[in-house]
Amino acid sequence: MKKNSVNRRQFISTTAKAGITVGMSLSAIEIFAKGCDNAPDNTNLENTPYEQTPLGYAYNALEPVIDAQTMEIHYTKHAAAYAKALGEATAAENVDKTKTSVEQLLGNISKYSTKMRNNAGGHYNHELFWKLLSPATQGNKPSDKLMAAINKDFTSFDNFKTQFADAGKSRFGSGWAWLVAGNDKKLSITSTPNQDNPLMDVKEVEVKGLPLLGLDVWEHAYYLKYQNKRPDYITAFWDVINWGLVEKRWASIK
Ligand code: MN
């Protein structure tokens, strides 16, 4: 039985890769839109793969903001565990990964188990988070276009930063702070518990939409360097944001 189960999983993994290639022209958010009223209706973003993708930079690339040991444990242990458990949950709950994107799964997550919710969220959130971090962006800011939208929706860039930081600081226990865009491109800030995210169709997600920027405020993301000082970690985070990707995601909403 066990051997068959593994073979089936391998089969699903192989066919999923083929499916992702075939389905590349399908927009993640078009699919996601079926599950959420506030979903942006168009995007050029590719679907998030079900497997972990390479980090894209060295574990020490984000120092001194995020130390190498934290990055290595976070990527190889925590995030890897979410991806593995997501594979188990999709097999157990008969999700056809060739037909269901990670984003579509998240948009309908209320129909699945808690294990699926925690690990589909955990996998998606971390895949996005790694790409939202960049070693060479110190002092970088959004382009004029996104900055104008931030000024419009939050009064000023400083006010936006304060609100985002407050969302991260005030999230009790583990969770995420988010900059979210609705289908009208309007920007909002929210936070979610555990591994929930703004794509999910669950009541605990107060602001739904496309996550543009996310910050992991689980202790595993900062405790080795910052211990109990989550606000210091959040302050340092501004120096390693890949604003180019934030803007690309925002611009994908037509
Ligand atoms: Mn994490």
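In case you wondered, yes, glycine gets a Cβ from its N, Cα and C as well.
Residues or ranges marked as domain 'Manganese/iron superoxide dismutase N-terminal' in TrEMBL: 50-134. Taken from TrEMBL, the feature Mn(2+) binding site covers HIS74, HIS126, ASP216, HIS220. Taken from TrEMBL, the feature domain 'Manganese/iron superoxide dismutase C-terminal' applies to 142-249.
A map of TrEMBL features onto the structure.
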residue: HIS74; record: Mn(2+) binding site; CB count, 10 Å: 23
residue: HIS126; record: Mn(2+) binding site; CB count, 10 Å: 22
residue: ASP216; record: Mn(2+) binding site; CB count, 10 Å: 26
residue: HIS220; record: Mn(2+) binding site; CB count, 10 Å: 14
Cβ within 8 Å of the mean position of the Cβ atoms of HIS74, HIS126, ASP216, HIS220: remaining residues of the chain near Mn(2+): TYR75, HIS78, ALA79, PHE129, TRP218, ALA221
Residue counts (helix, strand, coil, in that order) that DSSP gives for the domain 'Manganese/iron superoxide dismutase N-terminal' (50-134): 53 helix, 1 strand, 31 coil
Per-state residue totals over the domain 'Manganese/iron superoxide dismutase C-terminal' (142-249) - DSSP helix, strand, coil: 50 helix, 22 strand, 36 coil
